[in-house]
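As written in TrEMBL, here are the features:
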type    : residues              : note
BINDING : H66, D104, H312, E316 : divalent metal cation binding site
Amino acid sequence: MNLRELFSALNDFASPALAESWDNVGLLVEPSPPHTVNTLFLTNDLTEEVMEEAVQKKADLVLSYHPPIFAPLKRVTWKTWKERLVVRALENRIGIYSPHTAYDAIPHGVNNWLTKGLGTCTSVPLHPSTAPSSPAEGTHRVEFCADAEHLDAVLSKIKDIPETSCLTTLPVRVEGEEQTRVSLNCSQKALLEVVALLSQNSLLYHKTEILLLQKPLLPHTGMGRLCTLSEPLSLSDTVERIKGHLGLSHVRLALGAGRTLESPVKKVALCAGSGSSVLKGTEADLYLTGEMSHHDVLDAVANGISVILCEHSNTERGFLSELRDALTIHLQNKINIIVSEKDRDPLQVA
């Protein structure tokens, strides 16, 4: 499959527009075209050891969940390990693609996979995603009424303001007078100019309505999940389920104030990776994530919420096998997809 064709198919699987604004997702390293991808190599973290494995297995494209290029690179030399990743990739004509938080948001993504460790439950995103664009052009709609004396002059000036669209007029009667109802869409920047123009005429300005064009929420899509278990579990049983799902012998556990290992767990707020900002303020019996700051754990415990920490990538890596199967179907078996055997969390229990 041609790289550009595969790139488009991967973006269809999970739109980069769903990623967080601070993230660095998409095609990060592109060999000179044309580039054919026969083998797609999946990893959670692209370390030098994993890159060597990708070279040995003749990968043409590495899909690294975490973006190996995050902070901007000022040069590409052999000096730092991330620069060496780029050098090795280009030397061996290997592309690098990263989805990161786009995979966190999608209904068939990392957080959905993490919920499966709880058993039968229903879940909703903690922070729902909005559609990439509004149902109409612009961010705001401005509506006002004008009489014949002012209409042409106002419309002429509005049409000269950049980033305005969908300008329509409709005859109306206002307090027995024939007037024209004007409606237009505009950007946030253009809104300031439109309001400034209308405010020059007090009659126009007092008849002005400004509406925010809300982007619709996408169902089952967004950051984190709030899960409601079909049947309450004891905290100790919940811990064992999570350990089994993640293939871990140990997790870190903080008991919420007034809780014990036998306390019932009905609602679980979870977030793969680092969950502090996503989980904060959510009412639940349990927080499940990879890592949280010390003080955020203390806050949760003080509010009677228990916390399970599994280390950052342990809450993500197991998704790769499920991803391989999903992409095999999505890509219609057109390429070979393999999961790294060298990829692992850097932290271990000693």
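Each Cβ is built from the backbone N, Cα and C atoms, and glycine gets one as well.
In this structure, the binding-site residues under consideration are D104, E316, and the one with the smallest number of other Cβ atoms within 10 Å of its Cβ is E316.
For the binding-site residues H66, H312, the greatest number of Cβ atoms within 10 Å around a candidate Cβ is found at H312. Residues H66, D104, H312, E316 make up the record's divalent metal cation site, and a Cβ search at 8 Å around their centroid adds N44, Y65, H100, V110, A272, G273, S274, G290, S313, T315 from the same chain.
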